[in-house]
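Per TrEMBL, the features are as follows:
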- Asp45, Asp84, Glu116: Mg(2+) binding site (BINDING)
- Asp45, Ser46, Asp84, Lys114: 3-methyl-2-oxobutanoate binding site (BINDING)
- Glu179: active site, proton acceptor (ACT_SITE)
Amino acid sequence: MASVSTTHLVKMKAEGTKIVAVTAYDFPFARLADEAGVDVILVGDSLGMVVQGQKNTLPVTMEEMLYHTKMVSRGVTRSLVVGDMPFLSYQADVCEAVRNAGLFLKEAGAAAVKLEGGAGVSETIRAMVDAGIPVQAHIGLTPQSVHAMGGYRIQRDENRLVDDAHKVAEAGAFSIVLEGIPAPIARRITEEVGIPTIGIGAGVHCDGQILVMHDLLGLNLGYMPKFTRMFADLKGESLKGFRAYGDAVREGSFPGPDHSYQ
Ligand SMILES: Nc1nc(=O)c2c([nH]1)NC[C@@H]1CN(c3ccc(C(=O)N[C@@H](CCC(=O)O)C(=O)O)cc3)CN21
Ligand SMILES: CC(C)C(=O)C(=O)O
Ligand SMILES: [Mg+2]
């Protein structure tokens, strides 16, 4: 299978082929997602919550994002790798934003970056695109604005959401993540904009879907948003494995002769 490009995703929208996206944060899981035929692997700043155990995504740094993106890139042969720009790496000024975005491509092997925001970041998106950096936008429930939103709230201002979608598309984004918005609004945006929409908590009419890996594999030990679904139980499997290993050590059945040197 040929590797996935940003233009390939636009073609998938035109053909009505659903785009499958997932987050991953390290080499083994990136390799498995790639092997399973996932189209887009996002190295999400959600790693702050599901990998680092922090209470939100705000503390995640550029250095950490580049480290995880490098690990993911090494595991991928086909999927499009997108680096998620962390809080404060693109908000303060456009020049710094372009420089930080470029590092994902220059140092970490990503093919594109994602950033949160609509009309307010359209100038930043334009500058990145002008620099040759493909940008995925992210509107609706934007977790880096958790304090401004007063929590992780579903976003329902249709006029604002539709305007944000058009503004980021006009600025040159190759795709938009729609997070935590009513399905009818996501459907309208998907029909109105020329670029593919990737939904999470945005209904079935988006051009594709994304989920946080730890949620879909059953590795999320904290709060599960209503919009996620567990497709496997790696928490249960992991507990089984750790307990079986512990039992074997305690009863002396591991290591056996096959795992020992005479
Ligand atoms: N494990 C995980 N999964 C995610 O999808 C995810 C993260 N972490 N971390 C970053 C953000 C935060 N996300 C969240 C977290 C909580 C809700 C939540 O509590 N939503 C309420 C909706 C409340 C309303 O109706 O406004 C819900 O009931 O689902 C939503 C998205 C999505 N992202
Ligand atoms: C859930 C996706 C869209 C994300 O931004 C992340 O994982 O950080
Ligand atoms: Mg994110």
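From the backbone N, Cα and C atoms, a Cβ is placed for every residue, glycine too.
Feature map: annotations from TrEMBL on the structure.
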{"residue": "Asp45", "record": "Mg(2+) binding site", "Cβ contacts under 8 Å, 6 or more apart": "Thr57, Val60, Met65, Asp84, Met85, Pro86, Phe87, Pro143, Gln144"}
{"residue": "Ser46", "record": "3-methyl-2-oxobutanoate binding site", "Cβ contacts under 8 Å, 6 or more apart": "Thr23, Thr57, Asp84, Pro143, Val212"}
{"residue": "Lys114", "record": "3-methyl-2-oxobutanoate binding site", "Cβ contacts under 8 Å, 6 or more apart": "Leu42, Val82, Gly83, Asp84, Met85, Val135, Gln136, Ala137, His138, Val177"}
{"residue": "Glu116", "record": "Mg(2+) binding site", "Cβ contacts under 8 Å, 6 or more apart": "Met85, His138, Ile139, Thr142, Pro143, Gln144, Ser145"}
{"residue": "Glu179", "record": "active site, proton acceptor", "Cβ contacts under 8 Å, 6 or more apart": "His138, Ile139, Gly140, Leu141, Thr142, Pro143, Gly199, Ile200, Gly201, Ala202"}
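With respect to ligand 1, the binding-site residues Asp45, Ser46, Asp84, Lys114, Glu116 contribute Ser46 as residues with a C-beta closer than 6 angstroms to one of its atoms, given in sequence order. The residues near the Mg(2+) site, meaning same-chain residues not in Asp45, Asp84, Glu116 whose C-beta sits within 8 angstroms of the mean position of the site's C-beta atoms, are Gly44, Ser46, Thr57, Val60, Met85, Pro86, Phe87, Lys114, Leu115, His138, Pro143, Gln144, in sequence order.
A simple way to gauge crowding: the CB of Asp84 (Mg(2+) binding site) has 27 other CB atoms within 10 angstroms, across all the protein chains here. Close to ligand 3, meaning a Cβ under 6 Å from one of its atoms, are these of the binding-site residues Ser46, Asp84, Lys114: Ser46, Asp84.
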